[in-house]
Amino acid sequence: MLFKQQALLRQKLFVLGSLAIGSVLYLVARVGTLDRLQPICPIDSRQPPPEPEQIPLRTLQFKRGLLHELRKGNATKEQIRLHNLVQQLPRAIIIGVRKGGTRALLEMLNLHPAVVKASQEIHFFDNDQNYARGIDWYRGKMPFSFPHQITIEKSPAYFITEEVPERIFKMNSSIKLLIIVREPTTRAVSDYTQVLEGKERKNKTYHKFEKLAIDSSTCEVNTKYKAVRTSIYTKHLERWLKYFPVEQFHIVDGDRLITDPLPELQLVERFLNLPSRISQYNLYFNATRGFYCLRFNIVFNKCLAGSKGRIHPEVDPSVVTKLQKFFHPFNQKFYQITGRTFNWP
Ligand code: A3P
């Protein structure tokens, strides 16, 4: 009897053990086959992907390791020769606007396997000395890439510099132009904050924002103040439109890029005719930073530098209202021209 009970117990234990081992083996097999770069959330199915494989992305994905080295600017001479890597002129430029979120946009687009970023602001078209060095100098500043990748650079000064549209047009009249904007008063305060921080670093004193933004003799908005002028987006855009049709521009909502970057990035992917590859997996909210950070893969992620996302000084609410009223008609015109409307006051 005792022997029979023991045998029954052994049998039960054997069955349970087999089940447990089976489950563990199944899980291991599943995890092993999962592609860790798969997005956590499916990409919005309402957006039809653009024509696939204008860029052979599959080839690129096999070369992820090399891509990573490319992104860090570490491709070796041997790799450059073996993989036919080239330095290409940009096919798209983030031309501005300063403090609109230009760095975040460039870094986030660089998550796309078909995009390679020029890490530094090159200032080729807005700086006469650099421009005089010629187009080969500019190309030499570009990162190595596979021939079917697109290179993107950003220099926010381009947007507001008189000579730049004509110079870019001469290089490539069909180039794609990205402009990232924020609510104009917030952008002006952000611009001021950056300058203020620079002064403080050098132990220099600086005026209050209110003093710079308002002309004390008229009590009106001081249109000579650069931070104000830069936020009159329509004035600058109109200069660009003398050279490029409006279809060649894409306006990015810099305020939404802060709070919900993925939809903005998907719009850019479409504008650049790239298959949708940036996913929610690539973007995670970092509560300490208070911003979205970037996840390239299971081991490599990064947040933007601390100079992005500064705390702005308090501004007198009456000055804020005055500025908002001042920008209002320019904003309306900007919406009209670009076809993109924002909820700016
Ligand atoms: P603030 O410093 O005013 O917050 P730019 O790169 O053109 O100089 O723009 C800087 C702005 O990018 C920052 O302005 C910040 O708000 C915004 N930004 C957008 N996305 C960001 C991100 N993921 N991390 C940090 N800053 C981001």
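Cβ coordinates come from backbone N, Cα and C, glycine included.
TrEMBL does not curate its annotations; it predicts them automatically.
These features come from TrEMBL:
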type     : residues                                                                    : note
TRANSMEM : 12-29                                                                       : transmembrane segment
DOMAIN   : 90-334                                                                      : domain 'Sulfotransferase'
ACT_SITE : K99                                                                         : active site, for sulfotransferase activity
BINDING  : K99, G100, G101, T102, R103, R182, S190, Y292, K308, G309, R310, I311, H312 : 3'-phosphoadenylyl sulfate binding site
DISULFID : C293-C303                                                                   : disulfide bond
Which one of the binding-site residues (R103, H312) has its C-beta surrounded by the most other C-beta atoms within 10 angstroms?
R103
Where the record says K99, G100, G101, T102, R103, R182, S190, Y292, K308, G309, R310, I311, H312 bind 3'-phosphoadenylyl sulfate, what is the longest distance in Å from one Cα to another among those residues?
19
If you count Cβ atoms within 10 Å of each one, which of the recorded positions K99, K308, R310 comes out on top?
K99
If one measures from the C-alpha of G101 (3'-phosphoadenylyl sulfate binding site) to the C-alpha of C303 (disulfide bond), what distance in angstrom results, rounded to a whole number?
13
K99 (active site, for sulfotransferase activity): which of the recorded positions S190, C293, K308 have a C-alpha within 10 angstroms of it?
S190, K308
Cα of R103 (3'-phosphoadenylyl sulfate binding site) to Cα of C303 (disulfide bond): how many Å, rounded?
11
What are the non-local neighbours of S190 (3'-phosphoadenylyl sulfate binding site), defined as same-chain residues 6+ apart in sequence with CB under 8 A from its CB?
K99, R182, R310, H312
What's the number of neighbouring CB atoms sitting within 10 A of the CB on C303 (disulfide bond)?
17
Under 8 Å between C-beta atoms and at least six apart in sequence, can you list the same-chain neighbours of C293 (disulfide bond), or say none if there are none?
L283, Y284, F285, N286, N301, K302, C303, L304
Please classify the secondary structure at C293 (disulfide bond) using three-state DSSP.
strand
Under a three-state reduction of DSSP output, how is K308 (3'-phosphoadenylyl sulfate binding site) classified: helix, strand, or coil?
coil
